[in-house]
Amino acid sequence: MLVWLCEKLVYLYSGFNVFSYLTIRSIISLLTSFFLSLFFGPRVILFLKKFQIKQIIRLDGPKSHLYKCNTPTMGGVMILVSVIFSVLSWSHLSNSYIWYVLYVLTGYGIIGFFDDYKKIINKNSQGLKAKWKYIWQSIIAISISVFIFLKYQNTNATKLVIPFFKDIMPQLGLWYILLSYFVIVGSSNAVNLTDGLDGLAIMPTVFISAGLAIIAWVTGNINFSSYLNIPYIKFSGELVIICTSIIGSGLGFLWFNTYPAKIFMGDVGSLSLGGALGIISVLTRQEILLFIMGGVFVLETISVILQVIFFKISGQRIFKMAPIHHHYELRGCPEPRLIVRFWIISFILVLLGISTLKVR
């Protein structure tokens, strides 16, 4: 939107040409979404408090969480608005990859919105039935996966990139649809499961978005992708704008979500951000790297799966409570310390993921 305007104004003043550079636009998009989040934050918090849109606490959860019952939720709407506005302002809207991500981001945001809304109306922690949530997530993930496969099949956009191996890049064929589906849905639900402590989910999301921004920039640059022996994907460079918009909005949200949180993102935020990370990794062909960089999310998800399976088999629990961050809480680890430790782990995993681009 603003990029298009600047391109028109360059004939009047050559200085507007600076907005044609991806690096400049990525920095501006980060700042735009950051300051929008800071601007909306206090206003959204007051609005949510006024209409009693507050967090519903699980009665079987840690007792230390009971004080959070009056904390406003659905703050993810603030994140979505900031990200979408920044992306529409500073990206080339003719780039189809931008719209693929916005489709998933918005679609999963709507699912999360209705999930949060139902929790608030029913005044319990049970929102949409798991079956219906999964069905709608699947519809969005399958539809975008099929569309991308039909449009880009047998190109670099449908190859499987394996870290550490520069010569092994098989064409996935129809397996592309299945892999993309699991990555998008899995990433969305993994972030959702992790979002149980103040700032626990948003900071790893920011770190991973930074990692994906570097990956998108390299993948969309024919010289760097050739140097690093990764597939060149023509349109992926513009995804940097989405990544930096998520970074800015996430940091702005963290301003109010850090311990003790004044607002929670709710499912409207966690489902949409997780879905966005998933589709970006699919479009840049770095699904395996997302698994590495998102190790905190993976750990949280595996802990839930193991807890459920082990309980059904033996009637006993592996952890005091799942996801695993609740286990450490119940063992006496203070929430702020636990959050920062997970942040540190996430940061290290993102650095590890980025380093694999060179180690091939």
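Placement of Cβ uses the backbone N, Cα and C atoms for every residue, glycine included.
According to Swiss-Prot, the protein carries these features:
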- 27-47: transmembrane segment (TRANSMEM)
- 73-93: transmembrane segment (TRANSMEM)
- 94-114: transmembrane segment (TRANSMEM)
- 130-150: transmembrane segment (TRANSMEM)
- 168-188: transmembrane segment (TRANSMEM)
- 199-219: transmembrane segment (TRANSMEM)
- 235-255: transmembrane segment (TRANSMEM)
- 263-283: transmembrane segment (TRANSMEM)
- 291-311: transmembrane segment (TRANSMEM)
- 339-359: transmembrane segment (TRANSMEM)
(Q) Could you check whether the transmembrane segment (168-188) and the transmembrane segment (263-283) come into contact, where contact means at least 3 Cβ pairs under 8 Å with the two residues of each pair 6 or more apart in sequence? (A) yes
Q.
Can you work out whether the transmembrane segment (339-359) touches the transmembrane segment (199-219), with the criterion being 3+ CB pairs under 8 Å where the paired residues are 6 or more apart along the chain?
A. yes
Q: Could you tell me whether the transmembrane segment (130-150) and the transmembrane segment (199-219) have 3+ CB pairs under 8 A, leaving out pairs under 6 positions apart?
A: no
Q) So are the transmembrane segment (94-114) and the transmembrane segment (130-150) touching or not, going by 3+ C-beta pairs under 8 A with a sequence gap of 6 or more? A) yes
Q: Count, for each of 27-47, 130-150, 263-283, 291-311, the Cβ pairs lying under 8 Å from the transmembrane segment (235-255), and report the range with the highest count.
A: 27-47
